Structures are given as structure tokens and as C-alpha cells.
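Feature annotations, courtesy of TrEMBL:
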- 7, 18, 190, 211, 212: 3-amino-2-oxopropyl phosphate binding site (BINDING)
- 9, 10, 45, 50, 100: 1-deoxy-D-xylulose 5-phosphate binding site (BINDING)
- 43: active site, proton acceptor (ACT_SITE)
- 70: active site, proton acceptor (ACT_SITE)
- 149: site 'Transition state stabilizer' (SITE)
- 189: active site, proton donor (ACT_SITE)
Ligand code: PXP
């Protein structure tokens, strides 16, 4: 059965829209866990646009399931990660001007720096958020990552039809290559209640990390129901 990681950044985004105290992302942890998710995912960005260190520390304390911390390979955030001790770290590219994480990490192009980041995070296992491209998969293995998360954004942005089918096939190929060399393989970004089914049907991913669509639905259904519905779709 595949696992669902629920990204709770968007709860903090809503709080930050008013720079107030609610909604508090820490309050989501127990609800998400009760609803059947495998774990919590959150991203401490260098610009702290949603989650801050106080949130991360509280989430770590409250999370009894599995905490996946997304971070850029920056010295400051790596230091915080080492101190807080998530169950897994996912290295992502980060640009201040982007609305969300736009592309995959160029592991092949930054092999030495990323290898160092993985070593500094040890013994925390580290996943690389990459495009479904063989070169990036093999570079991730070389850099010491034990897992990859394939960026599903290109697939998610395509309309149903030949272009989307082709992007889906690329995801399947990337996942098979990664699993074939012993990497744990997750998928994430832009997945929704509607577009997740064809990805799940591939049967190649061990985990799905989903945020925006779940939090958006939670506005209408409540978080527990929203997570439960997504867990049913991916599991
Ligand atoms: N996985 C990674 C590595 C991400 O950076 C994000 C976005 O923060 C997600 C998954 C979740 O993406 P979405 O919010 O589009 O579901």
C-alpha cells in the first residue's frame, strides 16, 4: 500500500496572509494522523514565508507518525534540521521569487555540494526532489540519497490527452529506474483528487506527498475528511 504524506505548509500560508496566530499548522498534526495519513510534510523556507522555526519545533514534538522536512541545501536550514531531527529530509530547489517549488533539484549539476549536504544531514535519511530523468536519478544515487521524490508538476499541469500521457510515461520510467537501483520512490507536486488516479494506477510509487489540494478541500469538508478521502485514493 502506498503512503500519503500531507504537506501542511498551506495552513501556515493562510495564517501568514494576516500575520496572525490562526490557523496554527501544529493543530493539523493530530488531525492528519487520525485521518490515516502516513506522515506530515513541511517546508522550512529560507524566507520563512509560511512555516517558521517555532512551527517546525512544535510539529516535531507533536508528530508521532513520520515527519518529512523539505529544505534547500543551505547551511542555516541544514543546521536547524540536524537539531530538530525529522524522520527524513527532502532536499528541494528554492528560489525566492517562485510561488511554490517549481522544478526539480539539479543533482547531476551540483553533485559535490549535494553530496556534502546529504553527509551533513546524516544519520537522517535524505530524499532528492527531482525531475523524472535518468541522469538525475543516477546522480541522486551517487550523491548518497536513499530516496527520490519525482516532481509530478509537469504531469499535473498538462491537460488529459497525449501530452499528459507522455509525461505520465516519463514518471513511470523514472520511478522504475529509481526503484531498480534500490531507491525509495515518492511522487509529489500538483497532485489533486482528480489527477492522482492515473499516477496511482502506475503502481510504481511508494509514497505521495500532497498539500495544496488537500488543504483547499479542507476549507469545505474539514481537514480530517479531506485527508481521509485522499488517503483512500492513494492507498
Ligand atoms: N513535494 C515537494 C517536494 C514539494 O515541494 C511540495 C510543495 O511544497 C509538495 C510535494 C506538495 O505539492 P502540492 O502542494 O502541489 O501538493
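A Cβ is built for glycine as well, from the same backbone N, Cα and C atoms used for every other residue.
The structure displayed is predicted, hence computed values, not measured ones.
Around the Cβ of residue 149 (site 'Transition state stabilizer'), a 10 Å sphere holds 32 further Cβ atoms from the protein chains shown. Proximity to ligand 1 (Cβ under 6 Å from any of its atoms) holds for these recorded positions out of 45, 50, 70: 70.
If you take the Cα of residue 190 (3-amino-2-oxopropyl phosphate binding site) and the Cα of residue 50 (1-deoxy-D-xylulose 5-phosphate binding site), they are about 18 angstrom apart, rounded to a whole number. Inclusion criterion for the recorded positions 18, 70, 149, 211, 212: a C-alpha placed within 10 angstroms of the C-alpha of residue 10 (1-deoxy-D-xylulose 5-phosphate binding site); this criterion is met by 211, 212. For the recorded positions listed here (10, 18, 43, 45, 212), the lowest count of other CB atoms within 10 A around the CB belongs to 18.
The separation of residue 70 (active site, proton acceptor) from residue 43 (active site, proton acceptor), Cα to Cα, is 4 Å. Local packing around the Cβ, expressed as the count of other Cβ atoms within 10 angstroms, is greatest for 70 among the recorded positions 9, 70. Set side by side, the binding-site residues 190, 211 differ in how many other CB atoms lie within 10 angstroms of their CB, and the most is found at 211. Ranking the recorded positions 50, 189 by how many Cβ atoms sit within 10 Å of each one's Cβ puts 189 at the top. DSSP assigns residue 190 (3-amino-2-oxopropyl phosphate binding site) to coil in the three-state reduction, outside any helix or strand. Within 10 Å of the Cα of residue 189 (active site, proton donor), the following recorded positions from the list 18, 45, 50, 70, 211, 212 place their own Cα: 211, 212. On the backbone, the CA of residue 18 (3-amino-2-oxopropyl phosphate binding site) and the CA of residue 50 (1-deoxy-D-xylulose 5-phosphate binding site) stand 11 Å apart.
Rounded to a whole value, the Cα-Cα separation of residue 212 (3-amino-2-oxopropyl phosphate binding site) and residue 45 (1-deoxy-D-xylulose 5-phosphate binding site) is 16 Å.
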